[in-house]
Amino acid sequence: MASWAISSGYGGFRPLPAAFRRSGSGLRYPVGITPLRSVSGGDGLPGSFRPVGLGRLSGWALGVSAPARVLTLNEAAANGEPRDEGAGKAEAFDPGMPPPFGLTEIRAAIPKHCWVKDPWRSMSYVVRDVVVVLGLAVAAARLDNWIMWPLYWVAQGTMFWALFVLGHDCGHGSFSNNPKLNSFVGHLLHSSILVPYHGWRISHRTHHQSHGHVEKDESWHPLSEKVYKSLDTLVRALRFTMPFPLLAFPLYLFARTPGKSGTHFHPSSGLFLPSEKKDVITSTACWIAMVGLLVGLTCFISPIKMLKLYGIPYVFFVMWLDFVTYLHHHGHEDKLPWYRSKEWSYLRGGLTTLDRDYGWFNNVHHDIGTHVIHHLFPQIPHYHLVEATEAAKPVLGKYYREPKKSGPLPLHLFRVLARSLNNDRFVPDTGDVVYYQTDDRSRSS
């Protein structure tokens, strides 16, 4: 009945004209007027609960008087009012508009068991991956065959990436509800692949809390036009020319990205709060210890063998990490917004992330490609992300972008990566809702 209005002229009910669109609640309201809703909840996430609409009141409200009878489009035109030629047609979706739902609605759609963390199940993935890593290393060392080495490098680099993902879950607290267990396992996994656990965990937390914000985001954030044009030729080539962006992670750990200063290793870095100093020192000490262990092993088994067993797989791990994390936030066929100032919110920023299908590798790297729900609710364990995403899709609607189905190997994503690196160069220096722009010189080169 919400889609009908009383008509005083016809003594009954008549449908509202096409200029009135349907909201997610099933009510119709005039174009340009946004219904208020209450989005308060217990998510505890920054910027999660800002009222959307005409004010800060909760509940549904409309600050205008409703006419007793709504004119049809033809009647309005007869009265001299301009006719919208696009009325009656489906409006083009604008991903930069505030969504007609909140975090509370998404959370409510996700089954309760998806929030449950099982430390035994989490540890089983750690045991599985560590056994595979050790088995690959032993097999490669015994075979020592140049036909097998390239296969080993790809496989072991992929497994290093899988270890990183499990340590990443520890950093989010989705591994278990025990902070000490999370910290212990996180240090073990990340130190083994030369990642400072707490240093990275803290900067990654900043990325989640500020994703989609032009200035405050931490991972693969866009460069402003001013910063982009200030880059010298070498830095610009390293940022946008393949394969260099796939080797960026170690440099990011030491010096962050253009336009930002600091390091993941020093407790006085601007990345960290004074209260986090002890954590950063602990992780840096673990990183140094791992470097010392690698140096000792190099002296024991020879530099060439260490390069083959650990060095080259580490490079493949870095390439996996940069490849996946970049495509989580770039490369969609449609331009997606970045925000500044009051236009940014935790929800709007998170909704610009992308899911990706990696074919055979989805299970190997613990469904890290199922990224949208992870970004909004990082406390959900990785083994529940696929189910949680399916449950949330009806709420997300067009704000969820279905990933292109991959074959066994995600080769199609290399074309997506190349296109994005060529086209997505910078965002305007001003504006609160901005989109990537292309450097015309990059197209001609």
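Keep in mind that glycine also has a Cβ here, set from the backbone N, Cα and C atoms.
Predicted, not measured: the structure shown is a model, and the values here were computed from it.
Pulled from TrEMBL, these are the features on record:
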- 1-137: domain 'Fatty acid desaturase N-terminal' (DOMAIN)
- 146-400: domain 'Fatty acid desaturase' (DOMAIN)
- 125-143: transmembrane segment (TRANSMEM)
- 149-167: transmembrane segment (TRANSMEM)
- 237-255: transmembrane segment (TRANSMEM)
- 280-302: transmembrane segment (TRANSMEM)
- 309-327: transmembrane segment (TRANSMEM)
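The predicted model assigns the domain 'Fatty acid desaturase N-terminal' (1-137) a mean pLDDT of 60. Nonlocal intrachain contacts for the transmembrane segment (149-167), taken as residues 6+ away from its ends with a CB within less than 8 angstroms of a stretch CB, comprise 122, 125-126, 129-130, 132-133, 136-137, 139-140, 175, 185-186, 189-190, 192-193, 195, 197, 308, 312-317, 319-321, 324, 361, 364-366, 368, 382.
Proximity of distant same-chain residues to the transmembrane segment (237-255), defined by a Cβ-Cβ separation under 8 Å and at least 6 residues beyond the stretch ends, is recorded for 194-196, 199-200, 223, 231, 261-265, 315, 318-319, 321-323, 326, 417-418, 421-422, 425, 442.
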